[in-house]
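Structure, as C-alpha cells:
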Amino acid sequence: MIGEEEIEKMRGVVRDCVSKHLYSSAIFFADKVAGFTSDPADIYMQAQALFLGGHFRRAFHLLNASQIVLRDLRFRYLAAKCLEELKEWDQCLSMLGDAKLDEHGNVQDTNHSDLMHIYKAGEDREISISSAIFFLRGKAYEALENRSQAKQWYKAAISADPLCYEALECLIENHMLTCEEERDLLASLQFPSEDEWVSTFYSCMIKKHDKEVVVETKFRGLESLGCSTSSPDGPVISTLKNNSDLMACNAEYYHQCGDYQKCFELTSTLLEKDPFHLKTTLVHIAAAMELGHSNELYNMSCNLVKDYPQKALSWFAVGCYYYCIRKYDQSRRYFSKATSLDGTFLPAWIGHGNAYAAQDEGDQAMSSYRTAARLFPGCHLPTLYIGMEYMRTHSFKLSEQFFVQAKIICPSDPLVYNELGVVAYHMKEYQKAVSWFEGTLSSLPSSVTEMWEPTVINLAHSYRKLRMYDKAISVYEKALALSTKSVSTYAGLAYTYHLQGNFTAAITHYHKALWLKPHDQFCTEMLTQALIDECRSGID
C-alpha cells in the first residue's frame, strides 16, 4: 500500500517537473497520483499538466468527463482554456456559462453563484477567478469579431480585479477605448493602498496627451519607487528607473509629443539592454521612420524577420524601410503581409493607407483607413487620415466632419486642432481658423518646437486674411524664431508688410525668401510689384 506521505511526495515531484518544464514526466506522475486518490485537486493537477504539455483535447476530455467541471469554477475555466487553444470559441463561451452585462457593465451571472473552489494553489495572493473568466470571455468574443462585447468583458475583467493586467493590455493595444473612456476606467478601479503604484503605472500606459509637467511627475515618481533587499554587503535599494516597460512608456510619450530624436535615443538605449522588448521595438521603428533613418530600419527589419518571421511587427518593419526610401509599391506589399498575419495590428493598416496616399491613390488609402477606423474605434488616427484625404481632394465639409469625429475620440491631440484650423482656412472661415490654431498651440504638452512651425505660420496667415497686420507680423516673427529656413514665413511676412504699405520691409523679406528659393514665382512677381510701388510712393 502507498501511504499519504508517499502520495504527497509524488505531488511534489509533479510540481517540480512543471517548474522544470518536464511536462511528459509531470503528466506521467500526475496520472498515477490521480489514479491512486481520485481527489478532485489531483485530477485538476493532472489536467493542468496535460494543458501545459500541449495535450489540450485530452485535458478537456479529462475535465469534461468529471462532473466536478459543473461545480467548480477552476475546472470550468481550465476546460474553457483548452477550448481556447483549440480555437473552438462558441464552445468556449458555452463552457464559461451564460453571463450577461447590464448597461452599466455589471455582470449578471446566476450560474456561478453556487459554484465552489475545490482547488486552491496556496497562500499567495491570487488574481480573482471571476476576472480570469471575464477576460477569457472577452478573448472569445474578440476572436468571433464581436469587438463591442469583447471590450465590455475586458472592462469587466479589470474591474473585477485591477491586477488582471492582460485585460487592460488588450483594451489599450487594440485601441478599444477613447481617451475619456480610458481615464474613466482607471478612475473607477479600486486599488488597495499598497497597490497605488500599479494605478500610477497604468496611467502612464494609456494615451498620453497631458501637459509635460504632469506626465513627467508620474514617471519620476515611479522611477524613484524603491524596494530594499538584503545582501551579504548590506541592504540594497532597487528602483524602477531602468525598468523596460517604464522606459517604453516614456519613449511613447516623447513620440506622441513629436520629440522623435529624444524618443529614438531612449529606445536605442533600451534595446541595447533588452533587444527583444517588442513594444519598444515598435516605438523605435516609428521614431526611425519620422527621422528618416533608413539604415536603422533596414537592420531592424532584417533582425526581426530572422527572429520573428510569423509576427506582424517584423513585416511592418520591412514595409517601413521601403516607405522610408519611397518605394511605396514594395512597402504596401509588406504592410499587407503584416495585416494578413495579424488583422488587429493598427500600425500596418495605417502604413498601408499612407503608402497609397503617398501615390495619390485616394480610394485605396480610404479603404485601409476605414478598415482601421472600424477595427480600432478608440484610435482617432484613422479618422484623422480620412479627413486629410478628403481635404486633399478639396472636400472640405466632409473632411471637417471627420476631424470633428477625431476630436470626439481624442479631444487632447493638438494635431486634430491643427487640421480643423487648416480646413477652416480653406473654407475662408478665418476667425474660426485663428481659434483652432491658437487652440493647437495652447494644447501642446510642452513649449512650441520647430515641429509646430507650420501651425504658427498658418495662424499668421489667418491674421493677415483678417487684416490684423500687426498681429500677423508678430506671429510671423515667432515662426522665424523657430526656424529661419521657411520660404513661407518670409513670403508671408513680406506680403503683410506690402499690404501695410511698408514697401522697404516688404522688399527686404521678399529678397530673403528668394535667397532660400530663387525661382519662387509669387515672391518674384511681388518683389517686382513692391519695387514699383516704392518708386511710385517716392514720386508722390
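Each residue, glycine too, has its Cβ placed from N, Cα and C.
Listed in TrEMBL for this protein:
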- 131-164: repeat 'TPR' (REPEAT)
- 312-345: repeat 'TPR' (REPEAT)
- 346-379: repeat 'TPR' (REPEAT)
- 414-447: repeat 'TPR' (REPEAT)
- 453-486: repeat 'TPR' (REPEAT)
- 487-520: repeat 'TPR' (REPEAT)
Long-range Cβ neighbours of the repeat 'TPR' (312-345) (under 8 Å; 6 or more residues past either end): 142, 174, 278, 281-282, 285, 288-289, 292-294, 297-298, 300-301, 304-305, 351-352, 354-356, 358-359, 375
The repeat 'TPR' (487-520): DSSP-derived helix, strand, coil residue counts: 28 helix, 0 strand, 6 coil
Averaged pLDDT score, the repeat 'TPR' (487-520): 91
Helix, strand and coil totals (DSSP H, G, I; E, B; other) for the repeat 'TPR' (131-164): 27 helix, 0 strand, 7 coil
